[in-house]
Amino acid sequence: MSVERDDEYSKFMPNKLAYHVVPGADFQCKLAHQNSRKLSTIDEQDYEQANRRGMRNQVYIAETAEPNLRSLLIGAPYVAYSCGILLVYSLGSIMYWRNVAWCANVLPFLAVVSIYCIPETPSWLLRNGHEKKALQALTFLRGSEISAQKEVNDMKQRLDKERDTTKTNENIFRLCCQRVAIKPLVIVIVFSLLQMFSGTFIVIFYAIDIVSEFGADFDSKQAAIWTAAVRVVCCMIFCAILIFVRRRRIMILSGIGSGVFCLALSGFMYARMGHPKMSYDLLVAGGCLLGYIVFNTALMVMPGIMIGELFPARIRGRTAGGVFASMNVALFIFAKGFPALQSLLKMRGVFLVFGFSSFLLTIFMCLFQPETKGRSLEHIEDYFNGNNWLWFRRDRGYKTVKLLPLQPLKENAAESA
C-alpha cells in the first residue's frame, strides 16, 4: 500500500469496509464502484438492508435451537463477524481497498447458497398451517422424530391457547403495546443504546485512530490487526462461557470490567496530559485497551442473543427487524459523529463517556434483564407476561429448567426397534 493511501486506509478501513464485510454482496459491489471521496456518506437504505441479514440469523437460530445450545449457536455468528473484521484489516494492509471489497463478496454469496439447504423454522410453518412440513423440519433439526413430534405437540397447544386470547385484527403496533412485548422491547432498545455509547463498535471502526492516539512509534495498521485478533479470540472464549455461565452474571461482569478499564485509561490520559511521552505510556494504555476489549466482547454478542430470546413468537421476526434497522441507523449516525465528538472531548473524554455508559448499562441490566439461560422461549414469554418489570420482583417460581443431555442415538435406536 502506497504512502499516499495511508490516510484513506485509516479512515476507510475501520469505518466502512469492516462495517460491511459480512452483511451482503449487494452493498459490497456498490462500495467497489464508488469514488473514494463519496465513501464518507453511506446510503442508509442500503445499510439497513445489509444489516438485516444479521438479524435473520439470530431469529432463525433462536427458533430452531434447543435451550441448552441456543446461546452458543447465537453467539457463533459473532465469531464469524470478528473473523471478518480481522480478515478485512489484514487484506487492507496489503491490498487496495476496492480489491478487498470485491473479495468480500465471496462469503455472502456462499451464505445465500447455503440458505437453500436449510428448512424454514418449525414455528413459522406451524403458524401458517404447514404442520407436516413443521414436523419434517423439526425432525431434520433434532435428528429424532419422537422428540420432534413431542415438541410440535407442545407448540400446537401453545399456539391454540395464544389464538384463543388474541384478536385476529390486531396489528403489529397494538401487539407491541402488550406487556409481553413492550417489556423486552424496552430492555433491548435501552441496552442497544447504552452498548453503543459504551464504545463497543466504535473501538472496532476507529481502531487505527484510537491506537494512533497513544502517540507511539509503531505501525498503527498492525496494531489494529492485533486488536481485531484479540476480539476474535475473546468471542470464541465467550461463546464457550455462554454454555456454563448465566447471562445476567456475564453482562454484569462485562459492564463493570469495561467501565473500570475505560475509566482507568481516561484517568491515565488526563494524568499524562501535557507531560512528555514515556516508555511506559504505551504499556499502560495498551493494557487498558486490551482489558476493555476482553470484557466488552460480551456486550457485542448479547444484543443478538436478547433479540432471539426475549421477543414473543408472534411478533419476533417483525419486531426484531424493526429494532435492528433502527439501532443500525442510530449506530450509523453515532459512528459518523464520532470524529466530531473526539475533537470536542479528545480521546480521554471519549473513554470517560464509554466508562460511565458501561456502568449505566450494568445497573440497568441488573434491574431489568431476566435470566434466560436454560429456559425455553415459551418460559421466557410467560415471564414477560407477568406484572413485574424489575427482576428482583419476579415470581420465585421462575427457576432455571434443568436440561438433560441429548441422547439422539438411544432415541433413534428405539425408533428402529
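Easy rule for this one: first residue shown is 1, then count along the chain.
Yeah, the Cβs are placed from backbone N, Cα and C, and that goes for glycine too.
Taking Cβ pairs closer than 8 Å, the transmembrane segment (72-90) reaches residues 13, 17-18, 21-22, 54, 57-58, 61-62, 65, 100, 104, 107, 204, 207, 221, 224-225, 228-229, 231-232, 235-236, 238-240, 242-243, 300-301, 304-305, 308-309 in its own chain, all 6 or more past its ends. Under the heading transmembrane segment, TrEMBL lists 72-90 (among others).
According to TrEMBL, the transmembrane segment annotation covers 96-118 (among others).
If you look up TrEMBL, you'll see 185-208 (among others) marked as transmembrane segment.
Under the heading transmembrane segment, TrEMBL lists 223-245 (among others). Within the chain, the transmembrane segment (223-245) has long-range Cβ neighbours (under 8 A, six or more residues past its boundaries) at 13-14, 18, 68, 71-72, 75-76, 78-79, 81-83, 85-86, 89-90, 93, 203-204, 207-208, 211, 289-290, 293-294, 297-298, 300-301, 305, 373.
The transmembrane segment annotation in TrEMBL covers 252-271 (among others).
Summarising the annotation, TrEMBL assigns transmembrane segment to 283-307 (among others). Within its own chain, the transmembrane segment (283-307) is flanked in space by residues 54-55, 57-59, 62, 70-71, 74-75, 77-78, 184, 187-188, 191-192, 195, 198-201, 203, 210-211, 214, 227, 230-231, 234-235, 238-239, 242, 247, 250-251, 253-258, 260-262, 264-265, 268-269, 320, 323-324, 327, 354, 358, 361, 369, 372, which lie at least six positions past its ends and keep a Cβ under 8 Å from the stretch.
Among the features that TrEMBL reports, transmembrane segment is placed at 319-338 (among others).
Summarising the annotation, TrEMBL assigns transmembrane segment to 350-368 (among others).
Ranked by number of Cβ pairs under 8 Å to the transmembrane segment (252-271), the listed stretches 96-118, 185-208, 350-368 are led by 350-368. Cβ atoms under 8 Å from those of the transmembrane segment (350-368) belong to residues 186-187, 190-191, 194-195, 197-199, 202, 248, 251-252, 255-256, 258-263, 265-266, 269, 292, 296, 299, 338, 341-342, 389-392 of the same chain, restricted to positions at least 6 beyond its ends.
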